[in-house]
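K.L.:
Pasting in a structure now, in structure tokens, and then I'll have a few things to ask.
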Amino acid sequence: MVMLTDEAVEMLRRAGWIARAVREEAVKLVKPGMSFLEIAEHVENRIRELGGEPAFPVNIGVNQVAAHYTPVPGDTGRIPDGSVVKIDIGVHVKGYIADTAATVSFNPAYEGLVEASRLALERVVEAVRPGIKANEIGRIIMETIKSMGFNPVRNLSGHSIDQYMIHSGLSIPNYDDFFSGWRLGPGVYAVEPFASTGVGLVEEGKQVTIYSLKKRKSRLPQSVMEVYEKIMDERKTLPFAERWLLKYSGNTRSIIYYMSKAGLLHEYPVLLEKSNGIVSQFEHTFIILHREVIVTTI
């Protein structure tokens, strides 16, 4: 768990301020017809302009895509008319991370779905206190979403955060999980209610657009080795997108292929709602101290 020194808390607050500002810009920016690449590049460049670095590639989840989609090099995808769009943003300042998300609907039929996850997070913000049980948070999320006629996504969850580590081992469920009775002690946590019009489960799709590095245990072609070392120096354990490799090599597919074949990549497949339901998401990052809770992204 991250050591919450005064300097660490200041860096976490700074990351949260940047994440909130960029999230609010993104919500206003996204419109039907916009390209995924345009959105991603705007969001990630704004993070850098404000003094942070992306903690992970911006996730753009349209309709049944719940998580882990970011544009690839040459991506021609655009925001469809009548869609529900999730924007999940991560910012780090010296490895201290803020994680936040919001959903925009361009279809009046899904305004209730968007409100369900937004209100669930709002009620969590009101309830969180030092020592709260993880499954109490899950109960609040579940009851709020179900009361509005939707299902929480049960196999997606909030999580603890450490320096240079977005998911550091502890999960905060989106439902009242009997086995999640642990208490939130001092640390950093993300809470992210997902609501679905479907069964409330996600499954892995075939596409992978986000990766992180494993430690090297085998030899690589020199050109690939150089890129590996540059990514490791820049990203450490944090995820990256294939399109970020364009500054190192024009042949990004080959770089990904060789590193994957050598077992050097953690791969994060796109996550899809199992019954093809539409999904909404909101998220904030919390610093829990002994007697205080700070919501960095609000």
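For all residues, glycine too, the Cβ spot is worked out from N, Cα and C.
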K.L.:
Out of Glu7, Glu10, Glu283, which is the one TrEMBL records at the divalent metal cation 2 site of Asp99, His159, Glu192?
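P.N.:
Within the candidate list, TrEMBL flags Glu283.
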K.L.:
Counting distance between Cα atoms, which of the binding-site residues Asp88, His159, Glu192 is nearest His167 (substrate binding site)?
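P.N.:
It is His159, whose Cα lies nearest.
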K.L.:
For His159 (divalent metal cation 2 binding site), what is the secondary structure by DSSP, using just helix, strand and coil?
P.N.:
strand
